[in-house]
Structure formats: C-alpha cells, structure tokens
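Right, one structure below, let's go through it.
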C-alpha cells in the first residue's frame with residue numbers, strides 16, 4: 001500500500017480529488033458500526049487491520065524511529081496516541097451523538113488549527129491577514145455545528161465539541177508530523193506507518209479503560225476492513241502521489257471533494273439533514289478554508305514559514 005511514485009508530466013488533480021472523496025465515505029462505513037459497537041472497539045480494530053497490512057514496512061519504520069532524536073520520538077508517540085487513536089475515538093463518538101454530516105465537515109477547520117499550532121510549535125508567524133480567513137471559518141463552523149445556532153441543545157453541543165476536539169488532535173498531528181520530518185530522516189510513509197503502529201496499543205488502552213468489548217462478530221469484520229482500507233489506506237495511497245504531480249492551487253480545490261462527498265452521502269444514504277443555516281455554514285467554511293489554502297500557495301502567504309521545513313499533509317490530518 002505504499003504510495004506509488006507517479007512518473008511523467010500529466011496533471012493528477014483527479015487523483016487528489018479521488019483520494020479526498022474516499023475520505024468522504026468515512027461516515028458511510030463508520031456510522032452504522034458506531035450504532036453497534038463502542039467507539040473504542042471500532043478504532044482498535046481499525047488500527048489492527050491497518051497495522052496487519054503494514055507489517056512489511058514495520059521493520060524499516062522501527063529503524064527510522066530508533067534513529068530519531070528524543071524530541072522527535074516523543075512527538076511521534078503523541079501523533080500515534082493522540083492524533084491517531086484518541087482523535088478517532090472522539091470523532092467516532094461524535095457520530096453516535098450527532099448527525100452523520102456535521103462531524104465530518106467540521107474537520108475542515110483543521111488547517112486553521114494547524115496554522116496556530118505551527119506558529120506555536122514551529123515558530124511560524126501568523127500575519128494579520130490570517131484572521132480574515134479564520135474568523136469567517138469559525139463563524140461558519142458554529143452555524144454548521146447546530147441546526148439552530150441560537151438554540152443549542154446539550155447533545156448537539158457535546159457532539160460538536162467531540163468533533164472539534166478530534167479536529168484539533170488531527171491538526172496537532174499535522175504540526176508534529178512536520179516537526180518529526182524536519183528533525184529526522186524519516187520519510188512521510190515511515191511516519192504514517194509509525195502513526196498506526198503506535199496508535200494500535202494506545203487504542204487498546206482506551207478500549208480496556210472504557211471496558212468495551214474486544215471481540216467483534218463475523219458480520220462486523222467486512223465493514224471494519226472496508227473502513228480501515230478504503231477511506232484509510234487507499235485514500236492516502238491515492239492522495240499523496242497525486243499531490244506530488246498537481247499544482248498546489250488546483251489541489252486545494254480538489255480537496256473540496258472531501259466535504260462535498262461527506263455531505264452528499266450523509267444526506268442521501270444516512271438520513272442526515274442540514275438546515276438553511278447549516279448549509280450557509282458549510283459554504284462559509286469551505287470558501288474560507290479554500291481561500292486560505294490558495295493564499296498560502298501565493299507569493300505572500302499569511303503564515304510565514306519558520307526555520308523548520310514543512311511537508312504537505314492531508315486536509316483530514318490522518
């Protein structure tokens with residue numbers, strides 16, 4: 001499943017869009033499972049299946065981990081435990097409390113959080129123009145999170161907070177992943193392998209702490225495998241090679257396939273509904289974050305790079 005190196009001169013925007021669209025199928029597979037299994041059980045099995053597939057790359061990833069400086073190893077541990085295991089548990093729990101659309105689309109706030117984290121951890125500077133994109137996006141996220149933004153119920157608030165917390169943890173994984181890449185010789189693929197390998201025991205700890213069942217039925221295995229491999233590994237395997245051969249401005253637009261697919265599937269197949277204000281919020285978030293992405297690829301970005309070199313990461317942060 002290692003992302004292939006695509007050769008030639010053809011544009012691969014379509015591959016970026018396809019990978020992002022596969023991430024949008026997550027709720028289609030995760031929501032039904034969340035109705036039958038605790039979130040921690042789903043996430044444990046998701047990590048277990050992915051790690052089994054990644055076994056051939058584990059020795060090389062382990063050697064890369066051992067060669068890292070101590071701070072990079074600590075960051076890698078935080079990525080696996082927090083950004084992989086805990087974040088996915090929180091996101092899955094949000095799906096059980098709210099509608100199947102909002103928790104997924106709220107993940108579009110990740111670039112905003114990642115920019116703040118990069119300023120704090122990597123020494124990047126936020127120029128004043130950043131807030132011209134961040135404030136509308138946060139207002140849009142509030143509109144999107146609640147059917148009636150002026151009459152917020154406790155369950156909807158908890159679901160929104162869980163989804164937002166998962167977005168923060170995934171965004172933190174983006175920033176920490178950049179730190180690991182800058183502080184070590186580990187490749188993006190080795191970091192991805194380590195993310196899931198470290199996330200597996202962390203997911204087991206969360207499962208045991210919550211007293212959830214470890215065993216699943218034979219009928220639950222096929223959707224668990226599909227969840228792990230389709231929006232998980234396959235989405236990554238398509239997205240990253242496409243990104244290397246796609247102009248950045250077009251890639252930013254292609255990434256909109258993620259929230260659009262999530263919304264269409266949530267409304268048509270999962271019974272989700274969006275009020276008029278939620279539709280407005282969705283549009284505001286999508287436009288604000290896309291505009292920020294386009295601006296960051298211009299000659300005058302609103303986030304000035306620090307000393308640590310960065311790497312492009314998925315909008316999903318996974």
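The backbone N, Cα and C atoms fix where each Cβ goes, glycine too.
Annotated in TrEMBL:
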type	residues	note
DOMAIN	15-145	domain 'EamA'
TRANSMEM	37-58	transmembrane segment
TRANSMEM	70-92	transmembrane segment
TRANSMEM	104-123	transmembrane segment
TRANSMEM	130-147	transmembrane segment
TRANSMEM	153-172	transmembrane segment
DOMAIN	159-290	domain 'EamA'
TRANSMEM	193-215	transmembrane segment
TRANSMEM	221-240	transmembrane segment
TRANSMEM	252-270	transmembrane segment
TRANSMEM	276-294	transmembrane segment
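For the transmembrane segment (276-294), the most Cβ-contacting stretch among 37-58, 70-92, 104-123, 130-147, 252-270 is 130-147 (pairs under 8 Å). For the transmembrane segment (130-147), the neighbouring stretch richest in Cβ pairs under 8 Å, chosen from 70-92, 104-123, 153-172, 252-270, is 104-123. In this chain, the transmembrane segment (153-172) lies close to the transmembrane segment (70-92): three or more C-beta pairs between them fall below 8 angstroms, excluding pairs fewer than 6 positions apart. Within the same chain, the transmembrane segment (252-270) stays apart from the transmembrane segment (37-58): fewer than three Cβ pairs sit under 8 Å, each pair at least 6 residues apart.
Within its own chain, the transmembrane segment (37-58) has Cβ neighbours under 8 Å at 1-2, 30, 84-85, 88-90, 92-93, 96, 189-190, 193, 196-197, 199-200, 203-204, 206-207, 210, 212-214, 216, 220, 224-225, 227-229, 232-233, counting only residues six or more beyond its boundaries. Mean pLDDT of the predicted structure over the domain 'EamA' (159-290): 86.
Note: the domain 'EamA' (15-145) comprises 109 helix, 2 strand, 20 coil (DSSP; helix = H, G, I, strand = E, B).
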